[in-house]
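Database features, via TrEMBL:
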ACT_SITE  CYS178  active site, nucleophile
ACT_SITE  HIS252  active site, proton donor
DOMAIN    87-312  domain 'UCH catalytic'
SITE      GLN172  site 'Transition state stabilizer'
SITE      ASP267  site 'Important for enzyme activity'
Amino acid sequence: MPTEVCSRRLTLGTAASIRLAAQSVSASERASSSALGFHQQNPTACTYHRKRDTAQADWRSMQNVSIPGGRRGDVVLVRGDRTNVDGDVRLQLILQQVMTKFVNCLGMRPTWQFGDVYGLDPELLGMVPRPVCAVLLLFPMTDKYEAFKQEEEEKLKGERQEVSPDVYFIKQTIGNACGTIGLIHAVANNQARLEFEPDSPLQKFIEQSSKMSSEEKAAFLEKDESIRVTHESSAQEGQTEAPSLDEKVNLHFIAFVNVGGQLYELDGRKPFPIVHGKTSEDNFLEDAAKVCKVFMARDPQELRFTIIALSKDSY
């Protein structure tokens, strides 16, 4: 198996990444922390697989792995294809478990859970439990994307999008927080369908900020103690530390939701929601997948795309 020693640090939103740690805390728990943007304080020596299809070993067999003389670092598995499919690979990427655990800690009951979308072909979309109320896309912020983003914003400023007042949209003003913003967008725009504990900090935050502007919501999030504490407790559990706010991150999370029969793209880095046309509960996943395909077509050489669905049935 081609490998090399790696010291790469994981940042918020690296859904195509997993950390294999050789300590008492399970590898899955550590991967959960890294996927949410935390870094291990005492990382172990490890290997770096450039393509996911080169990784044939069961991740459990790689616990306690060490490389004599190697530098300490993180294990990063880069997906070998853009549809997240490799039948020979037994490595389980657990970002969806991290997301579910994170929102559960903030009081959302586990009647809906996050799970991998294994591909964008109809047969693979058919494997996703239904109904789906939100889709999260992780993608690389390349030069092509940034140029498109600027052109799109200029174009839409001159046009009038009809955005429902029921859409919950929050700007991202906290560095390396796109994962949290994506989760808030997914949950806040589906409150009527999701279930919460009576004292849910997440539901309280959403309700208290619902009438605020997107900028006011962002400022409110910066001061929210419960969400901050949840981040810190996740870091402590995995013996990790949060990335610095000025650390450069080139992967980004956005959310797709169905509000009032319209498909919305919600990106905290953009000034407003993007309307992608009509959708329905039955066709929502397929409609969101079409937009995801456009992101992939824009950067055909890129492999770093991951799609997560928030579904009613357990994965």
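Cβ from N, Cα, C; glycine included.
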Q.
On average, what pLDDT score does this prediction assign to the domain 'UCH catalytic' (87-312)?
A. 88
Q. Cα-Cα separation of ASP267 (site 'Important for enzyme activity') and the residue listed as 'active site, proton donor', in Å?
A. 9
Q) Including all protein chains displayed, how many Cβ atoms other than that of ASP267 (site 'Important for enzyme activity') lie within 10 Å of its Cβ? A) 23
Q: Indicate whether ASP267 (site 'Important for enzyme activity') is helix, strand or coil by DSSP.
A: coil
Q. Three states by DSSP: which one describes HIS252 (active site, proton donor)?
A. strand
Q | Residue pair CYS178 (active site, nucleophile), HIS252 (active site, proton donor) - Cα distance, angstrom, rounded | A | 6
Q) Looking only at DSSP and grouping its letters into three states, which state does CYS178 (active site, nucleophile) belong to? A) helix
